[in-house]
Amino acid sequence: MYKSVINIVLFCPEIPNNTGNIVRSCTAFKANLHLIKPYGFFLNDKRMVRAGLNCWDKIQLFEHKSWEHFLQATTENKTIWLLTKSGDKTPDQICMTNKLPNELYFVFGQETKGLPKTIMDNFKQNQIRIPIWNSVRSINLANAVVCILYEYSKQNQYSNLDKQCA
């Protein structure tokens, strides 16, 4: 297992295949994964298990009963960023270096609804967006997570990754 300062948070994920793919991506980039209930599937859903491949014994996975439980259960030294279409900043405009004293948490909303307004209102200054062409409503959740994981790795000179392929 690994200890990471980067945390991916899925708020009430709905699609098991997306979550399984995110398990695999978080493992590949050595990121912790937090799932906030309720889910739109069971954790043993065969589509999720298949999408996660052989990463289930390697992932740092945390489950939370609610948003409030997530906030209480995580470290006090944290910076929370919400991913949203209306964010003022893009991932390259925020500091993600692992030299920060805080753990980084990147929160992604539900595939169909995004994040609730109450959460968005509490983190107005910490909203980022992944730039895409305006004619497209959104990108797939699993792909959005990889965009953030890659930017984190890039800002840290890929120090969280192996430099050579297996």
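These residue numbers are counts, starting from 1, taken along the chain as shown.
Using the three backbone atoms N, Cα and C, a Cβ is placed for every residue, glycine included.
Fair warning: this is a prediction, and the values are worked out from it, not measured in the lab.
As annotated by Swiss-Prot, S-adenosyl-L-methionine binding site applies to LEU83, GLY109, ILE130, SER138. According to DSSP, LEU83 (S-adenosyl-L-methionine binding site) sits within a strand segment.
Here the binding residues for S-adenosyl-L-methionine are LEU83, GLY109, ILE130, SER138. Their largest Cα to Cα distance works out to 14 Å.
When other Cβ atoms within 10 Å of the Cβ of GLY109 (S-adenosyl-L-methionine binding site) are tallied across all protein chains shown, the result is 20. Neighbour counts of Cβ atoms within 10 Å were compared across the binding-site residues LEU83, ILE130, SER138; the minimum falls on SER138. According to DSSP, SER138 (S-adenosyl-L-methionine binding site) is assigned to coil rather than to any helix or strand. The S-adenosyl-L-methionine site, placed at the center of the C-beta atoms of LEU83, GLY109, ILE130, SER138, has further neighbours from the same chain whose C-beta lies within 8 angstroms: THR84, LYS85, PHE108, GLY114, ARG129, ILE139, LEU141, ALA144.
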